[in-house]
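Under the heading repeat 'WD', TrEMBL lists 57-88, 103-135, 151-184, 196-227, 240-272. What TrEMBL records for His462, Asp500, His735, Glu739 is divalent metal cation binding site.
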Amino acid sequence: MSQLIFSSDMRPSNVDVRTQALHKLSPLLESVHLAFRSTYTFNIVFGMARLDELCKLPGHQGIVWNVGWNQEGNILVSCGEDKTIRLWGRNVNSDWVCRSILSDGHQRTIRSVSFSPCNKLIASASFDGTCCIWDKSTSAEGNQYECTATLEGHENEVKCVAWSASGSFLSTCSRDKSVWIWEVGEDGEFECAAVLNAHSQDVKKVIWHPNQDILASASYDNTVKMYCEEDDDWVCFGTLKSHESTVWSLAFDSTGKLLATCSDDRTVKIWKEYLPGNEFGVATSDNKPTWKCVCTLSGAHPRAIYDISWCHQTGLIATASGDDAIRIFRIDPESDPNAPILEQLITVPRAHEQDVNSVIWNPCIPGVLMLTSCARHLVRHQFRPVIFHSTTTMSNLTLNSVVDEFNRLAPLSLAESWDNVGLLVEPTRSKIIKKILLTNDLTNSVMQEAESSSVDLIYSYHPPIFAPLKRITASNWKENIIARCLENKIAVFSPHTALDALKGGVNDWLAEAFGMFLITQQSALGSNIASCNPLTTSYAAIPRRNCTHMVEIPVPFNPEGKKLVRSILELVASVPEARLEEQLKNLESLMSFISTADGYEQMTIMAPEKALPSIIELVNQCSFANASRYVRIIRVEKPPIPGSGMGRLIRLTEPITINRVVELVKCHLQLQYVRLAIADNADNSTNVETIALCAGSGASLLKNVKADVFLTGEMSHHEVLDAVHRGTSVILCEHSNTERGFLSKWKEVLQSALGEGVQIDVSLNDRDPLQMPMIFKLSPDT
């Protein structure tokens, strides 16, 4: 696949089919005038994308230089040439209006503005050489900010201001070639922590890593500098050189492992972080990561690119250009991660009357993406990519994001310890998931159906890989299916007993035969049900893998306390169980500080048992006497999850006969026949008050349960004999017949979670291997 490249006259050069399709439609785009609430729509070979202008926000006098969102994505802040800051929000009619105007803080143009992570502060940078801090007051209106601090020190215009993700630091950059880092004190004071003079020309922009206290800056000297803190000093640990002219802006992806830069040289570059000892053999120095340029996009922009924004929800990249246009890109999911290819999805020509100076994605609204750009006024755009049919939302969901959604809906921690659940087959390259096939069993006929339908993922209730595979050959049917999945780049996911235990899962669906409706996670009981409870209890996973202990440590307000915090953070970073936890965003997310009135703060961390001695040793090294005596260690127990567990025990509101139970089961499972073993001293008309059920093979779970009827898929001959002699009737429906019908219900849940852009089908070829044969009357001559 070729990289998307345009020549300066916007004609395709060295482009693939998708690019050519886009170019053929570009005259249509050029002919559309961007009017109020106008809509841009065009079709390309692999889909259709649309960028809708939602509204214009007039009010600023002169150029609008910069915009930013608060952390919730419901308040927009803007600044400009008129020396004012405006806050925008929705009114009762959902229209965007100016709610507040902040003035009297700066004497010249305001170039940059940024919300703090807590939303209580706004920082603004101005051509008057200062940075103002605006604090939210307690006024009844709730959106009033007042200027409470002015940070001085730069010798010339301040071009940009940015908060670190932790909220502990603020950074500014200036025409004086310097980058300043300010430490945010607990009392609201700002102290200069570092003045960095790594650049040789004006510094245009600073941004912070999304998860760590790492800073990046872009400059007129055509470079990007990377900074981190070492032993209380801020140092430049990397210089990114590849652009041939001013680097105007830069943006991290959501992981912080990729960085996009844009320049006056009209190119966009993607840089990738390589850690020391990386498997790709990329050299590093001083035990620091190396940032390497892995992609250059040229020709898509005929003029300078002034800003770039990377959406942390969808991975889409937006650029703002001197040709008055906005462009949307994405990384081709099929491309090599070490040599990614940027695909251009959409161009909005004449997005403004003049240069587009700033563009930023809404931080909280995935799928329906709010894109804001500015020139002499503000315009809010809504980007909505859809698949080839214009009525359907396009899937930009990668395999990882789909698997994450699967795990959210049915946590794998609910599965039995013996089970093999989760992602079982993963293609070597990341891919966008557009088509999913649901099946109870991944058989040869289901595999043929998946291949003919070109599915991207098979959601197989039963794991096709259960016992370890020693080889993958064509001679064994299971191995052959796995080989075909790999050949066709089809992922395979299995939830199995996680869906059994889930509240609203397979066993609750099976209980619906008697009037229960739990599939939507509701707790309403049908008229025939007095109670329905799991036979076992499921427990929530420990919040951090193997972090079984909560440690509360008193930290003094002095340099020794600061040293203790850093030492413990370094220790936590060295513990694989903590560092690899998927929920962590940075080291600080391991901590929560609770203010006290005695000169101390309490630091709480989660740690595995093996780390406890090292933590106590660090505390004992603290200067205050008997420090470890004040440390509290609490063992974290897994809390039970109400309504979740294996099997179900149903108590009916009124007794019904065994015949009626059988009829309800056959109707619910849409079966003509079931097998019935009636308990000793009972018959078809015997009343039933309690029913114990387990989808699939339930003998081991049901054997010690006291109930009038067992409902399951299969039991052995001797297990049935044992049950009926203990006074329990048994209904057997064949193993998968007690599970398969749930897939149609579960499809609705998955469709709602993944959106209409993903096509989800239930297999037509999936069926229980045991079928009731046609019965023919034998002739006398036979």
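Just so it is clear, glycine is given a Cβ too, placed from its N, Cα and C backbone atoms.
For the repeat 'WD' (103-135), the DSSP-based tally of helix, strand and coil residues reads 0 helix, 17 strand, 16 coil. Annotation for Glu739 (divalent metal cation binding site): same-chain Cβ neighbours under 8 Å, separated by at least 6 residues, are Asn440, Tyr461, Val506, Ala695, Gly696, Gly713. Put plainly, the binding-site residues His462, His735 were compared by Cβ crowding within 10 Å, and the winner is His735. Long-range Cβ contacts of the repeat 'WD' (196-227) within its own chain (Cβ-Cβ under 8 Å, at least 6 residues beyond either end) map to 159-166, 168-169, 171-175, 177-181, 234-241, 243-256, 259, 261, 263, 271, 291, 312, 585-587. Across the repeat 'WD' (196-227), DSSP assigns 0 helix, 17 strand, 15 coil.
For Asp500 (divalent metal cation binding site), the same-chain residues lying six or more positions away in sequence with a CB closer than 8 A to its CB are Val506, Asn507, Met646, Cys694, Ala695, Gly696. Model confidence over the repeat 'WD' (196-227) stands at 95, taken as the mean pLDDT rounded to a whole number. A Cβ within 8 Å of the Cβ centre of His462, Asp500, His735, Glu739, the residues given for divalent metal cation, is found for these other residues of the same chain: Asn440, Tyr461, His496, Val506, Ala695, Gly696, Ser697, Gly713, Ser736, Thr738.
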